[in-house]
Amino acid sequence: MKGLLQWALVLLPWAAETVRGQASNTTTSPLDLISQIPQCAVSCVTDSFLGSGCPLDNIAQCVCTNTTLLEGLSGCVQTSCEWRDQLKLSYMTDDLCRPYPHASRDLEIKLVVAVLAVLTFPVVILRLVSRRSIAGKLELDDWTTLVTAIVLAATMGCVIASAKLGFGLHYWNVNPAHAQRIIQLYYAVQMLYIIVLILAKVSIVALFARVFPSRKFQLVNRLVFVFLVGHGLVFTFVIMFECTPIAGIWDRTLIRKCVDLNAVALASAILSIVEDIVILAMPIQQLSQLQLGSKKKLAVIFMFSLGSFACITSIVRLRWLVLFADSYDTTWDNVDFVTWSITEISVALMCGSLPALRPLFKKIPGLLTTIRGPTVEIKETHDRGSSHMSLRDKGVIPMSPKSSSMEPDVEEDMIIIHISNDHDPRMKPLPPHRCSHLLINPLGEEAEPLVAGTGLQA
């Protein structure tokens, strides 16, 4: 009897407050409203309210402005009730607390996405313009970057749409009518994130394939490419079919069987960090063969280490994933996880595009007059025999008409990259017209081919 009295003392004022918050023409009485509370939620409501110390004459304001109380109530209901019952209590709580302000992080979400969009998409556009104007065409890494940017734009659009529907509010403040749509958008963002992340890394690997022709490096590069594609396909498939039936992902009223999404996200995040480290380490051997001054070597190393920023954002994202893996306030707590996910893939895309902007900036008078990019001579050395072939042998680097010797006119900032020719030595060397495109600048530009014996650019 005492427990029943406590139950009535708590729920009657709450029901009365709820009725007052509804339309003036409502015929719902407090007792009718109490009867609508799901049985599974009664103990959650009474325990939360009795422990809050809220005055019975002002219970609505006390409850609706107490985040700790609502968090405990929400967690209790989520673990005690099925989805339908959760929605019933959610509608009642929404009626009770509608007159009171709700904390929201939607502005934070929109601001982060807007800043990243303003920084990322112009960089990608300038990269494509630079590559087209300098090289005359777009290569595989450029096209991959373009596709990545398009998918990233779709991802950002989904995040903004979810923020407008209530993502960024506390879970108990989200309009129940928007719950399914928010889950659907989050489901789409999960798959798009994997696609963007893998494509951004594939574009970097494609750049390596174009810049470093060593056979051993190309083999490693292909293995990394296959691993990246496999990672993307497997995890996209797992997320796509995370629940059976698929509609059970957003329709929690269905009988469903789901994988542990937190475990999947954790495994994917760890793999992503490992991939970042491998991609960063791949060109180290090639770069270590550069013969140039400290200042220029630092510039080259900086260019290839830009990917470390993406690795850092991956680690920060992993922290938020672990921290809120078991949260009952997902629409609020997951804001950090989602914004860092968008930051990670945006930074990865920018880092892969920034080096290609230097040739474009050189066209602006006075902008880079103090920065002269070293060119590169790629010298192939056979493993067998003592013969040597280089671009100067193939007529790519011209002989100086001022020199009485046969030494090429090489500027002081010329970089020599010795690349082991570990393929069959019986293979014929590349013809001159195939070698001219190998004269590259490690800071992102391709030098214009030189006409043999003239000292003039083609």
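Our numbering is plain: 1 for the first residue shown, then up by one each step along the chain.
Placement of Cβ uses the backbone N, Cα and C atoms for every residue, glycine included.
Note that TrEMBL annotation is computational and uncurated.
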Item to check | Bond partner of CYS97 - disulfide, per TrEMBL - picked from CYS64, CYS76, CYS81 | outcome: CYS64
Checklist entry - Which listed range (109-130, 142-165, 220-241, 261-282) shows the maximal number of Cβ pairs under 8 Å with respect to the transmembrane segment (185-208)? => result 142-165
Item to check | Whole-number mean of pLDDT values that fall within the domain 'CFEM' (12-124) | outcome: 77
Checklist entry - So for CYS64 (disulfide bond), how many other CB atoms are inside 10 Å of its CB? => result 22
